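Student: Feature annotation from TrEMBL assigns domain 'Major facilitator superfamily (MFS) profile' to 1-358. Annotation comment: TrEMBL describes 9-30, 36-56, 77-99, 119-140, 147-165, 264-283, 295-318 as transmembrane segment.
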Amino acid sequence: MSSSNYEKLGFFCFSLDFLCYGIGCLSASFFVDKLGVKFCLSISATADTLWILAIIPPALSTDKTTNNDMFIRSNGFIYTTQILIQIIQGFCLGLKWVAGSKYISECATEETKGFYFSLYWGLFMVSMVLGSLIAAFVTIHFEKTKVLLIMAAIAAFSIFIFITLTKPIPQERYLPVDNQLEEVQILKQQEDDSLKTIENRNNFRDIPKNNLKFEQSKHFDNENNMLTAQNQKQSGVSISLRKEMQEVLHLIQTKKMLPLIPQLLWVGISIAVYSGILVIIIIDTEKIGDDQYKFSQSMLTMVSFGAGEIMGSIFSGWMIDKYGNKKTALLNVILVSIYLRPNFYLGLIRQFKQYLIK
């Protein structure tokens with residue numbers, strides 16, 4: 001956008017995209033449950049393809065070989081299409097992440113959730129690395145419109161992948177709710193106590209021991225199956241879109257989520273910086289070459305960033321499975337604090353030098 005004289009429009013579209021992304025996440029779980037994971041992922045991939053193709057008109061506006069009177073090069077068409085596609089793509093981003101996370105959660109168990117989600121994020125970063133490498137080498141030899149068509153073709157191929165996505169293999173798990181685990185443990189303890197009482201009686205020899213244990217085990221299994229069926233029935237109840245959004249907002253206000261809000265805000269700000277500003281900073285500070293060369297160098301820089309994300313995701317997944325979420329989150333906060341400290345001092349030194357120059 002900046003190379004096509006639409007820098008302010010680019011920042012506005014980027015902000016609008018993430019605003020609709022946040023709004024779409026509130027209702028994404030409702031649509032994922034209604035439409036299914038495969039359909040939501042396919043729709044999201046289609047929106048990504050259209051989002052890439054929508055950048056072609058601004059790129060053509062600076063192309064001297066094309067006709068200046070083309071309707072798709074007019075400011076009215078460019079502004080209208082950009083605003084509409086950002087709204088659509090932002091909402092579909094919410095669908096994509098919720099549907100993808102749901103698919104991964106169905107593949108994983110409580111013991112392997114760290115590994116599966118780290119693999120999920122690691123593959124996402126691998127695509128970022130490969131995409132940056134493709135963009136770095138392709139932009140030198142091809143025009144911007146051809147580069148966008150190549151990227152759109154890759155995005156369109158992902159539609160086929162999501163359509164043919166197979167269902168995850170069901171994993172054995174028992175996730176109790178409303179203190180039902182405690183109820184099961186109490187029930188088992190009561191049955192063990194009653195078994196010991198019967199064993200102490202004088203007429204216990206007349207009772208077949210194997211049959212008694214079988215009946216006790218059968219009774220316990222029946223109680224456990226009833227609780228599991230109740231959980232499944234409760235999870236299968238259909239709720240309205242309004243109720244779904246209220247539940248999400250209520251989840252944000254819970255005691256477990258409130259401490260995570262500062263970290264989530266930090267993650268959002270950092271993503272906005274590296275995806276919206278970092279490339280522009282590299283292009284503006286690069287003094288050698290034309291715009292295509294500068295963009296190529298910025299993409300090579302993003303490769304190292306993506307490599308760090310891959311290693312961090314693998315390490316975080318291992319930490320979650322071995323030590324739990326709390327210790328992993330605490331380590332993340334410590335690392336962020338260590339990272340911010342030198343940057344803060346460097347900023348103070350730079351401001352002090354500018355003050356001395358003045």
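Going from the start of the chain as shown, residues are counted 1 onward.
Heads up, the Cβ atoms here are built off N, Cα and C, so glycines get one too.
Where the annotation comes from TrEMBL, it is an automatic prediction and has not been curated.
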Student: Taking contact to mean three or more C-beta pairs under 8 angstroms, with sequence separation of 6 or more, is the transmembrane segment (9-30) in contact with the transmembrane segment (295-318)?
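Tutor: They do not touch: fewer than three Cβ pairs between the two stretches lie under 8 Å.
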Student: I need to check the long-range neighbours of the transmembrane segment (119-140): which residues 6 or more away from its ends have a CB within less than 8 Å of a CB in the stretch?
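Tutor: Counting only partners 6 or more residues beyond its ends, the transmembrane segment (119-140) has Cβ contacts under 8 Å with 100-101, 104, 146-147, 150-151, 154, 292-293, 295-297, 299-300, 302-303, 306-307, 309-310, 313-314, 317.
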